[in-house]
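Encoded as structure tokens, the structure appears first; notes follow it.
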Amino acid sequence: MAQTVERRPRISPSLPFSVLFVGLLSLMLAAINLQRVLPPSEWLDALSSKQPGSLQELLFAWAALPRLAVAFLCGTALSLSGLLFQQSLRNPLAEPTTLGTSAGAQAALLASLVWAPGLLGVGQGPIAIFGAALATATVFGICSRAGRSPISIILAGLVVNLTLGTICAIIILLYPEQSEDLAQWQTGRLEQTGWMPALCLGLCLLTGWAITAFLCRSLRLLEMEDAVVISLGMKPAWLRGISLATAIIVAGAVVATIGTIGFIGLAVPALARALGARDLRVLVLWAPLLGGLILVLADQIVQMPVFLNGQFPTGTFASILGAPVLLVLLSGTRSRTLRSVSRPMTSSRLLIGPHHLLGIILITLALLAVSLALGRGPSGWEWSTDIELIKRWRLMRVEASLSAGILLGISGVLIQRVTANPMASPEVMGISAGATIGAIALLFVSTTFTSGDLFVACAIGSLLVTSAIVILARRSNFAPDRIILIGIAVSTIIGAIGAFVIAMGGPTRGLLLTWFSGSTHRVTQDQAMLVAAVAILAMVVVPLFGRSLEVLELGEDNARALGLPVSATRGAIILYSAISTAAATIIVGPASFVGLLAPHMVRQIGIHRPLPQIFASAFAGGALMLVADWLGRTLIFPWQMPAGLLTALIGGPLFLYSMRQRR
């Protein structure tokens, strides 16, 4: 009887060579940094001595070396967790951040610290793992009616991540003294004061790695459809459950140890595949090693004397280091397209009538009236009809908020339609981040500028970044997963640059902090009038795109056959969206996610035709911003809460509820 011999997986030489190169570079920088702590001739004495003889020996043995170990273990653990998520869900975008796992762990720790500090007696690990599991289970529960398709899981994960991140930011804002240390910790700082965190994390990682290695052969079957796996005598639900539980526990342990570090779990498996790893057996070994060494390299660079004296968060710099590499590799590799992502942007259901669009408009107008008239003052709640009071204290910010919401709602629909990608939005694709880089550049050039200068700078930044994203995405024929990966990478780079500028301090720090949070209480009359003018112009111009959008739904070949210049049309729509996003970003900052939430909320109530959907999304975005601005100035009066944060807090749960109700 012939024996079946399983072939050993082939390993491309570029993968071990890359791991070796990153490892040697990391060791070289580690040696340089360690010798600044303690001369090399004293290293063995410091390690063998039970009682350090000097402060330098203490720092070397109980701070520098544990930090080195924790960096490697955390990078390895995040890469393993990301790989398990991607393999289990057959989804190249799945990782602890995009599924809300890390955000759940972080939110649980922060809530325990502020409201139930006694729970910390059981340890940070169990609390973080509980929060991670609860957030991930929420994502899967929301997607249960959609068959847990890859597209719905990522959408729900992004919104859960956004909502929990917003809750954390608001807790830090309301309880600054209790959460000050955790606010610094959650940026991914690796400072250590002993070996216990490394030992606990190492034990957790080894257990997770052993489980993965044991199940490796079975996990490869998850690349096939569940029906095929069942026919082979396996139970995919149990296999997927064990794999996901392992990924959640490992990711939660990392958050409990050093806070949130994004991008590693997403980028490193993609890098390993781009370097030639195709077989899961190869990925399980090499991807975690590569992730650990990349985080060590990032941490050692951060500790160099020229780098803010080691005060810059390692997690932020890891994003700066890894995102450009991922962009380069994405431009030359084939896409692992998300399954079930290429759904048409329309529905087979009957289209909802125009009275629903009218209802959204009337609701927005009612919210506008309430936002202008109802508020809190020194004597409590009041309904004001004093025109002068309204003009002086409320009109500008209400006008700016409504206009920004309209612009983001329009931009979100246009981008989703022109890319045929329901996950696309100005925030996810990096267009808002482009406006951010334009504003940062302007702040470095001059601290005295007009609203027009800021708009031009934001528009230039948005256009440059959008052009780069389109050029990179065209090589994969605008594959949905490729667009999102590129957008996340670009947003990560620019967000890290913003964090770097804030960490440097200086006169621009306060302005950037306010702007990043989406606060509207400093809106000027010039800014409000500028954004309102752009919003009015956008509403007037957008009907010109109606026919083109309907023709684009037929596919590129059919659109060209009907005489539509596809490339020119896409370029014009993307240009229009970038300018609209730039104007809105002046008011609400780069992370409101109105451009993602408003189109989906409108689509889920049944408005699918291009022009009705655009106008409905515009007013839905405006309504979200009006409610957020009103709550921001009334909830904790006389203090203010940023409207950008509250928009995510309001829109996120609404979006998740409507997604849960949809079959």
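Note: Cβ is positioned from N, Cα and C throughout, glycine not excepted.
Unlike curated records, TrEMBL annotations are generated automatically.
Quick look at what TrEMBL annotates:
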TRANSMEM  17-38  transmembrane segment
TRANSMEM  58-85  transmembrane segment
TRANSMEM  97-116  transmembrane segment
TRANSMEM  122-142  transmembrane segment
TRANSMEM  195-216  transmembrane segment
TRANSMEM  280-298  transmembrane segment
TRANSMEM  310-332  transmembrane segment
TRANSMEM  352-374  transmembrane segment
TRANSMEM  428-447  transmembrane segment
TRANSMEM  454-472  transmembrane segment
TRANSMEM  528-546  transmembrane segment
TRANSMEM  573-598  transmembrane segment
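As a quick check, the transmembrane segment (195-216) and the transmembrane segment (97-116) miss the bar of 3 or more Cβ pairs under 8 A, pairs 6 or more apart, so the two do not touch. Cβ atoms under 8 Å from those of the transmembrane segment (352-374) belong to residues 381-385, 390, 394-395, 398, 402, 602, 605-607, 612, 615-616, 619-620, 622-623, 626-627, 629-630 of the same chain, restricted to positions at least 6 beyond its ends. Counting same-chain residues at least six beyond the ends of the transmembrane segment (58-85), those with a Cβ under 8 angstroms from any Cβ of the stretch are 30, 33-34, 37-38, 42-43, 46-47, 49, 52, 91, 94-96, 99, 101, 190-195, 197-198, 201-202, 204-205, 208-209, 212, 219, 243-244, 246-248, 250-251, 253-254, 257-258, 261, 264-266, 268-269, 283-284, 287-296, 298-299, 314, 318. Count of Cβ pairs under 8 Å against the transmembrane segment (280-298): among 17-38, 122-142, 428-447, 573-598, the largest is for 17-38.
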